[in-house]
């Protein structure tokens, strides 16, 4: 292929979910409401953890990080998607596309590693409760969180760099809701086998390795729970892990299905729906899961609402 044909495009066009105007308006309203709920739910979780001293524990420290990741991930994709629902020209500049890929890929990687760190926290809480406060001290929690953020960011920087070094020629139509890595790689007019190998390797490192650690942690946790003599004790131990296990099941499942084998990946429509799930649904589900299934969070909510009610009553009088 001649050098003149391997030009760099200045702008990409995102084809999105639908070209039908009525469908786009409906999706705009639906996704706008969901995004606002995501912001509200996660910000309230973070504020609640900060305000209630009973929640100043390693578990809720990691949950704060998870909420920040969820809000950031949704914000890296959803606002631009909402704008594109209402405009005819659905372009995104080359640099903005690269930035979106970097942040969304990085934040996704951070979340997977963070969930593994949270699994370790639950493992210590259930399997070694007497030494929990000694093992899960503030310094270790901070290092685990930093490891999550650094590993996801470094992987994303490497993947984004090698992806946007590919010549796109005149290909500028991305059949996706955002600048997702597989969708961008498909635009290249050169052999991308090395990129696909890099995607697979990073998926193994940042997806399968944390997943295996989570799996091993829960094998030990379940084994320990089954050894507890009292039914009440087993129930209490299970409830300490139920919320995290639910999030793990939802978060890892479809990503493993999508990224481990790029050559045999799902259809473009399936990829779009999976991206919508992670950008729209997961960030709004996480605070609900932790709020509805967690006694400490529900107790903190009741305490906060009681304080607010008392404050309102005083102001009225």
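These residue numbers are counts, starting from 1, taken along the chain as shown.
Using the three backbone atoms N, Cα and C, a Cβ is placed for every residue, glycine included.
What you see is a predicted model, and the numbers here were worked out from it, not measured in a lab.
Taken from TrEMBL, the feature transmembrane segment applies to 25-48, 60-78, 98-120, 197-219, 240-261, 273-292. Per TrEMBL, domain 'G-protein coupled receptors family 1 profile' is recorded for 41-290.
Against the transmembrane segment (273-292), stretch 25-48 has more CB pairs under 8 A than any other of 25-48, 98-120, 197-219. Non-local neighbours of the transmembrane segment (25-48) in the same chain are 17-18, 55, 63-64, 67-68, 70-71, 74, 78-79, 81-82, 85-86, 280-281, 283-284, 286-288, 290-291, 297, 300-301, 304; each lies 6+ residues outside the stretch with a CB under 8 Å from one of its CB atoms.
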